[in-house]
Amino acid sequence: MKRFFKPIEKEGSAKKPSLSPSKQGGEKGEEDIKKEPLKFVTWNANSLLLRVKNNWPQFSDFISNLDPDIIAIQEVRMPAAGPKGAPKNPRELKDDTSSSREEKQILLRALSSPPFENYHVWWSLADSKYAGTALLVKKCLQPVKVSFSLDKTVSKHEPDGRVILAEFETVRILNTYAPNNGWKEEENSFQRRRKWDKRLLDFVVQSSDKPLIWCGDLNVSHEDIDVTHPEFFSAAKMNGYVPPNKEDWGQPGFTLAERKRFGAILKEGRLVDAYRYLHKEKDMERGFSWSGHPIGKYRGKRMRIDYFIVSDKLKDRIAACEMHGQGIELEGFYGSDHCPVSLHLSEECKATN
């Protein structure tokens, strides 16, 4: 794997991402600074470190060919900086043990090699190897502000590093990793997901002053068309358990309660599902972003739970929105159980006098 990476600077010498445009690597001038991102990728990596170790050359080629302005990643699964028992820094990777330093080096080496060397990286990490998000923004772009919570507070991070919000002059980019609904009311996962959905609803309603692009693993399939086998997912149970409320029955992400709440978020926030806006028909080969294990009862069972959701005022600029994985054998998933999803917006047409 070493041949794919270039050496990185010594620990502590690398500069942190800045909100001002970088002039390194080519001395980009004012004319090279883009005002607005147009091409995006979102991907639940299911452990970014594992993807770097096992699938990085293929994923690097994918990114090189697509050349997105922004890459949103979920399930980074890298722990936040800070020794055991001490407060953690969710914006930095853990490096206080020999194993964590080695893992950090491996990850940063990958992100300092083409094509990722052209991006600034922001992290929001959990205390352990769980959840977490990352946002990679091309250095030719200049966020006005980057925050890590749904209340837009820069210093505050959502629990488990589930949010990164980048604000540009003309648009907001929200990268989220939604908590799984779980199977049982008694384990508090239902309540956790209800609170999350309520906060998302409040966020989109209160953020209508600027167009929004909301992406990530949203852990919900909105309609029957968004899963391969609606009857299977509607009837799914964990160890025979049936929740007391019928709207909570079924596969997490496909319960009626979750789907209704997601629909309310779209309606109240005046938001559009970019993929479904372009693709009206069910595509059994390429229409899903998550796939069950290829061995066992979930073989061939797939869901669309990774999205690009955009403000209604952006819908006429949706040029393309695609799933990049296909088939039961997970081609194009790059080792994850999720495939990348991309969005391409056309440039805004300026009114002329």
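Glycine too: its Cβ is placed from the backbone N, Cα and C atoms.
Copied over from TrEMBL:
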REGION    1-35  region 'Disordered'
COMPBIAS  1-14  compositional bias 'Basic and acidic residues'
COMPBIAS  25-35  compositional bias 'Basic and acidic residues'
BINDING   Asn44, Glu75, Asp217, Asn219, Asp337, His338  Mg(2+) binding site
REGION    79-100  region 'Disordered'
COMPBIAS  89-100  compositional bias 'Basic and acidic residues'
ACT_SITE  Asp217  active site, proton donor/acceptor
Long-range environment of the region 'Disordered' (79-100) - Cβ separation under 8 angstroms, sequence gap at least 6: 11, 107-108, 122-129, 148, 157, 161
Fewest other C-beta atoms within 10 angstroms, as judged across Glu75, Asp337, which are the binding-site residues: Asp337
Candidate with the highest Cβ count within 10 Å, taken from the binding-site residues Asp217, His338: Asp217
